[in-house]
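Listed in TrEMBL:
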DOMAIN    62-94  domain 'SWIM-type'
REGION    144-172  region 'Disordered'
COMPBIAS  144-156  compositional bias 'Low complexity'
COMPBIAS  157-172  compositional bias 'Basic and acidic residues'
Amino acid sequence: MGQQQVNQMEARHVFVEDVRDEMVANCRMARSINVEIYSRRHETFCVTETIGCRPGIPPRSYGVDLQNRQYDCRRFQTLHYPCAHVVAACAKVNLNVEQFVDDVYILERTLRVWENEFPVLPDLFTWEVPPMTFELVPDIRLSRNPRSRPQSSRISNEMDIREKSDGKRCGL
């Protein structure tokens, strides 16, 4: 994994491959989103999706607050990189959308995880297993009898009481 990330850095990529792919997909989706500027100074917008709208159902609208990094669709708060709504809002006011990608997705940061060497684990069959210091005894009360029908653990109430019958089942 470390070598893959070094190769991506040599290809002058900044972000992890999955995030780059998502950003490209979000840029494509952003072309079909209408953006209305509420406040250019406070960087708040109303974005309306036009893709996937069905007749009779109004299009979905979301609020985007770039200054406070709050978006109604909650994708940014969850994934920490811009969704298509944010990409559309950034395109409307010519902002660089990459400033909204969290630092955890930067290749230099993720490479730090893989630059440490991991020890090679020996074969599983050569592991030394310490002897048990105590004996495990199963609780017989928790085991089921596989031959009998399972017993219900449901608590009976008035609805479960059957009406008394005279014992005749056949009308002949």
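Cβ atoms are placed via backbone N, Cα and C, with glycine included.
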Distant-in-sequence neighbours of the domain 'SWIM-type' (62-94), which means Cβ under 8 A and at least six residues beyond its ends: 19, 22-23, 25-27, 29-31, 33, 35, 37, 40, 42-49, 100-102, 104-105
Local confidence of the domain 'SWIM-type' (62-94) - pLDDT mean: 87
Residues of the domain 'SWIM-type' (62-94) by DSSP state, where helix covers H, G and I: 14 helix, 6 strand, 13 coil
